[in-house]
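TrEMBL annotations:
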- 49-200: domain 'Peptidase S54 rhomboid' (DOMAIN)
- 12-29: transmembrane segment (TRANSMEM)
- 50-73: transmembrane segment (TRANSMEM)
- 93-116: transmembrane segment (TRANSMEM)
- 123-142: transmembrane segment (TRANSMEM)
- 154-175: transmembrane segment (TRANSMEM)
- 182-200: transmembrane segment (TRANSMEM)
- 206-223: transmembrane segment (TRANSMEM)
Amino acid sequence: MGRPLFYDIIEKPATSCIITICSLIWFVIQKKSVGYSQVGLSYETASEGHYWRMITSAFSHISVLHLVFNMSALWSLGVVEQLGHVGLGTAYYLHYTLVLVVFSGVLVIGIYHLLIARFKIDYFRRVTAVGYSCVVFGWMTILSVKQPSSKLDLFGLLSLPISFAPFESLIFTSIIVPQASFLGHLSGILVGYAISWGLIGGMNNYWALTMLGWIIVVFVFSLKKSGAYDFSFLQIESLTDASLPSVRFIGNGRTLQASAVPLSGVEVV
């Protein structure tokens, strides 16, 4: 008799929560018949200021097979939470999951920009990415550097040496699932190496909470500004000085003015 699943859930709390969130989002997407174009991230939507899609695209899955593959791999990679004794652990996992979600999204848009602007390949203008694969590939890469003797178990049937898993999975998914985002997966791998080699580091609770706060601000403002969702309590007003956006919270009559570049001028490249 194997070990009860309950104990693994207790030892992988962050992984278990993320899997639950992705599964619930998939259920809602199926229930409401939401399509790729409504939650996915593309160069075109990013250039229109839909920065909120960097978050919705990461946690959304349209196909049940896509969801099962990503969550199966993520569950195996959740071993990172059990490696606190070697400098990893749950806090490390949460901090760098945040980094992977944001940086891999920014990087893939940057690659699209290069291909469109430099090489004139307009095909990538409307390519829409969706799914948690960027983060999954990022954690494969981090684990392959920090714990090369580990194994990656998929569906409880297939076991891959973690040291080769990122590129094996990259090639495997590209062959088996032609519509899989090769550049999206590659972005996750590159950010994973940057984290593993210390090029992106120094994350702690303070910086993680600061980063999360800015993500929430950008998410809400871009959602409002793009017209995708109407926050009735929030209005973005134009000022004479365009570099100082005015934000009005309806109900108390107060206006907050922040010294920041307006979201409409931000370039995700």
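Even glycines carry a Cβ here, placed using N, Cα and C.
Note that the coordinates shown come from a computational prediction; the quantities given were computed from them, not determined experimentally.
Within the same chain, residues 39, 59-62, 64, 67, 70-71, 74-75, 77-79, 81-82, 90, 93-94, 97, 132 sit at least 6 positions outside the transmembrane segment (12-29) and bring their C-beta atoms closer than 8 Å to a C-beta of that stretch.
Taking pairs at least six residues apart, the transmembrane segment (154-175) and the transmembrane segment (206-223) share fewer than three Cβ pairs below 8 Å and do not count as touching.
Using a cut-off of 8 Å between Cβ atoms, the transmembrane segment (182-200) and the transmembrane segment (93-116) share at least three residue pairs, counting only pairs 6 or more apart in sequence. Same-chain residues lying 6 or more positions outside the transmembrane segment (50-73) and placing a CB less than 8 Å from one of its CB atoms are 19, 21-23, 25-26, 29, 34-36, 39-42, 101-102, 105-106, 128-136, 140, 152-156, 169, 173, 177, 215, 218-220, 222-223, 226, 228, 263, 266, 268.
Mean per-residue pLDDT, taken over the domain 'Peptidase S54 rhomboid' (49-200), amounts to 92.
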